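Following: one structure in structure tokens, then a few remarks.
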Amino acid sequence: MTASGTLETTAAPRPLPSLAALGNRLRRGLSVKEDPATAAYDRIMRRLGISIGMAGVIFGSFELPEVAEQGRYAPMWWTVVALLLAFGWYPVIGVVAAVSGPRAIRFVSGCAAVSFLAALATIPFGLHMHTVDATTVWPYRMTPLAVTAAVLAWQTRLTVTYLLVAATSAAAATLYTLPAFTTQHVAENFLRAVGLSALFVWCGTAATGAAARVDRESAIASRRAAAQAAAQARDRERSRFAALIHDAVLSTLLEASRAGTQSDVLQRQAERTLEQLDECRGAERDPDLLDARSAILFLRAAVQEINPGVRFATRTWPGYDDLRMPVHSASTIAAALTEAVRNSLRHAAVPGREVRRTVTATVSAGSIRIVFSDDGAGFDLAAVSADRLGLSMSILGRMRQLAGGSAFVESQLGEGTTVTLVWGGDGSR
């Protein structure tokens, strides 16, 4: 074999991908992976973000004639700047809501809300008092939309504060219109802006609050289902072990006490009993299997029982539905994982800041990988003695004894700790 033959071979032209393939690839690239723990909240945030983005674009288009009309009383630079500050963020909100998650939506929505206040703040630099021939300046009508963006960005208390500030500023801009500046006129504009904006605040808060409640109830139901599955698995294991004790161990001892002498039958029965006890200690115990979703719920419930503040994320690869995990394997992984969480809670604290802890479960065809990481104090692996039970036995030892299992621990002083648990099947399927 020579290298020249490989180099001189003409590569066959690759066919161009079809439009359908390009569309599928684009959809996969833009798809947002939902965290099952906040799926409903994430969906409502994206839908509200897309709706607000479209509303901003539509409202801005209808408002352009009025902007142009009032622009006759102001410099061109002010009209352009105020228009960009008031409307410029809404297309961004729509795009971000379509391709990203709640954190990015909250950020751009907050930018839109602050930009609206900035647009109101520029009015004294672009308009003269009592010059605009209208009942209100055009940014006034944008107040409800800006307040709705604030609903997506901030908590309710801060949103209500923003509503009052925005409505007050927009009503005070009446000073730049031709009608006489009266307290009654300003109060009417203020109450009109507050009333309409409060309706949007109520609708947005009710929608996001309902979604959050759905997520909480789903999490509670999932934890209950996982706990019930674990309890049933433990009951089955106890029943099987009790049957083994009664049918094998006690009967063997009873026969030995009656026989009084050694017999071939008694010896074979004793050997079979010892084999059954070895099988009970080994990996081949419970034949019940968990699919991918049940396994994830089982592990999530185990972690959240230790500390609900640990973030649990899930990633899936093609073929993840093929995963079938025995209950005893899931129990072993859960025990090792919860020990890692306990160790982090005991030893990873850093004075003066909060330690972030995350569990990432990656499920593929027939295998699962669990990564627990924190950004805490960390430790020197070389300085840990081999007889430390929490690390050597409860984590590494458990996973070594599990068929198809393995574990890795990485840590450095001041850089946190990462514990990786891998299960690739026990060879039974």
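Just so you know, glycine gets a Cβ as well, placed from its N, Cα and C.
Bear in mind that the values here come from a model prediction, so they are computed numbers and not experimental data.
Copied from TrEMBL, the annotated features are:
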DOMAIN    333-422  domain 'Histidine kinase/HSP90-like ATPase'
TRANSMEM  48-64  transmembrane segment
TRANSMEM  76-100  transmembrane segment
TRANSMEM  107-126  transmembrane segment
TRANSMEM  138-154  transmembrane segment
TRANSMEM  161-181  transmembrane segment
Is the transmembrane segment (48-64) packed against any residues at least 6 beyond its ends, judged by a Cβ distance under 8 Å, and which are they?
83, 86-87, 89-98, 105, 109, 112, 138, 141-142, 145, 148-149, 151-152, 204, 207-208
Summary of DSSP states over the domain 'Histidine kinase/HSP90-like ATPase' (333-422), given as helix, strand and coil counts:
31 helix, 29 strand, 30 coil
Beyond the flanks of the transmembrane segment (107-126) by 6 or more, those residues with Cβ under 8 Å of it
49, 52, 56, 74-75, 77-79, 81-82, 85-86, 88-90, 92-93, 96, 137, 139, 142-143, 146-147, 149-150, 152-154, 162, 165-166, 169-170, 173, 176
When the pLDDT values for the domain 'Histidine kinase/HSP90-like ATPase' (333-422) are averaged, what is the result?
83
